[in-house]
Amino acid sequence: MFGRGPSRKSDNTKFYEILGVPKTAAPEDLKKAYKKAAIKNHPDKGGDPEKFKELAQAYEVLSDPEKREIYDQYGEDALKEGMGGGGGGHDPFDIFSSFFGSGGHPFGSHSRGRRQRRGEDVVHPLKVSLEDVYLGTTKKLSLSRKALCSKCNGKGSKSGASMKCGGCQGSGMKISIRQFGPGMMQQVQHACNDCKGTGETINDRDRCPQCKGEKVVSEKKVLEVNVEKGMQHNQKITFSGQADEAPDTVTGDIVFVIQQKEHPKFKRKGEDLFVEHTISLTEALCGFQFVLTHLDKRQLLIKSKPGEVVKPDSYKAISDEGMPIYQRPFMKGKLYIHFTVEFPESLSPDQTKAIEAVLPKPTKAAISDMEIDDCEETTLHDVNIEDEMKRKAQAQREAYDDDEEDHPGGAQRVQCAQQ
């Protein structure tokens, strides 16, 4: 980022005071002072956590030659502008643990020690059919992942040894500084090129022949994914600790996310199923029966009750024929049938009379001839209301576009006229 150097020098003695060393202290003096004070103030020994954090922050800055030079010249404010937080970006426990090897603690097995970072989870979509989540199924999936090298146990070297990177002092990060003029500089923090951000290097002759010093190798892994009855869309199935492995890292999880595909016949809403069925007007008035093939291939006989009339756009429900309830597979939701009644296009006069003879008479009184004479006669025609509304909306848009072309800048002309 770009920043202007402070107009006045800010505090450049605080970090030395925290460590209890003079500004002329050599790197070895800094190490000794930090180690002694950090052990004394370590939280696992009842020390002050804030003091422990301050010690780590001070040592991180002063042990890095480039950061120390900036601090001595401009003070802590310059570090905050260019590096964010005055160089306190590393975990104080990680800095402390670098003095005591991979165990990271001098206080025995009960000490907190070096905290491992957690690897990223790997998420995969898992497409399933409605039949899959109705009946339950198992899917075998082959995946590629990174695994710790078995030959060197993830060390990267034949001897198991590594060296602290001299380019970044083991931090894994470096800072590049560019000066553009008096008081103008650019400070960029980036992964160390020498160690690729690991903070350590391996001698070429000592590199593991299997992983070539990378510490991990690619491997194929087959997972059996158990899709249980009643699982929902977007529900997750987790395989803990099966993602990519890395040294000093808690392995992340592989997560499969259920993606339920659309079904041509059934629609699912939670634990219920919906199906559309069309019947004729005769069936709606006189009764119906039909066979419905369910998701498990069972044949269900669906029929109306004697004398029952089915109204258009009505619903009927069948209990315990919906989706199995997750982890309670012997309990199911409902199956809803949405009825559409198909009316005839027209009727002959004889059919009309026959129907009038059996259907209930109209409840409203007939219109008299005198009332008819006072009315204007109209003609009804068929219409698809959705298509009609779309056509009108399109016509309005075209009319608006034509008006804009005929009168460009119309609103501006009105404003000028008002002046």
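Note: Cβ is positioned from N, Cα and C throughout, glycine not excepted.
Under DSSP, Cys152 (Zn(2+) 1 binding site) is assigned to coil, being neither helix nor strand in the three-state scheme. Cβ neighbour count for Cys152 (Zn(2+) 1 binding site): 22 (other Cβ atoms within 10 Å of its Cβ, all protein chains included). Residues or ranges marked as Zn(2+) 1 binding site by Swiss-Prot: Cys149, Cys152, Cys208, Cys211.
Long-range Cβ neighbours of Cys168 (Zn(2+) 2 binding site) (same chain, at least 6 residues apart, Cβ-Cβ under 8 Å): Lys174, Cys192, Asp194, Cys195, Gly199. Per Swiss-Prot, the feature Zn(2+) 2 binding site maps to Cys165, Cys168, Cys192, Cys195.
According to Swiss-Prot, the feature domain 'J' maps to 14-75. Counting residues of the domain 'J' (14-75) by DSSP class, helix then strand then coil, yields 48 helix, 0 strand, 14 coil.
Taken from Swiss-Prot, the feature cysteine methyl ester applies to Cys416, supported by a curator's inference.
Taken from Swiss-Prot, the feature region 'Disordered' applies to 378-419.
Through the fold, the repeat 'CXXCXGXG motif' (149-156) approaches residues 162, 202, 207-211, 213-217, 245-247 of its own chain, all at least 6 residues removed from its boundaries and within a Cβ separation under 8 Å. The repeat 'CXXCXGXG motif' annotation in Swiss-Prot covers 149-156 (among others).
Same-chain residues lying 6+ beyond the ends of the repeat 'CXXCXGXG motif' (165-172) with a Cβ under 8 Å from its Cβ atoms: 60, 63-64, 90, 98, 191-195, 197-201. Swiss-Prot lists 165-172 (among others) with the feature repeat 'CXXCXGXG motif'.
According to Swiss-Prot, the repeat 'CXXCXGXG motif' annotation covers 192-199 (among others). With helix defined as DSSP H, G or I and strand as E or B, the repeat 'CXXCXGXG motif' (192-199) counts 0 helix, 0 strand, 8 coil.
Taken from Swiss-Prot, the feature repeat 'CXXCXGXG motif' applies to 208-215 (among others). Residue counts for the repeat 'CXXCXGXG motif' (208-215) under DSSP (helix as H, G, I; strand as E, B; rest coil) come to 0 helix, 0 strand, 8 coil.
According to Swiss-Prot, the feature zinc finger maps to 136-220.
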Between Cys165 (Zn(2+) 2 binding site) and Cys208 (Zn(2+) 1 binding site): CA-CA distance (Å): 18
Beyond the site residues Cys149, Cys152, Cys208, Cys211: chain residues whose C-beta lies within 8 Å of the centroid, for Zn(2+) 1: Ser150, Lys151, Asn153, Gly154, Lys155, Gly156, Ser157, Pro209, Gln210, Lys212, Gly213, Glu214, Lys215, Val216, Val217
Cα distance (Å, whole number) from Cys165 (Zn(2+) 2 binding site) to Cys149 (Zn(2+) 1 binding site): 22
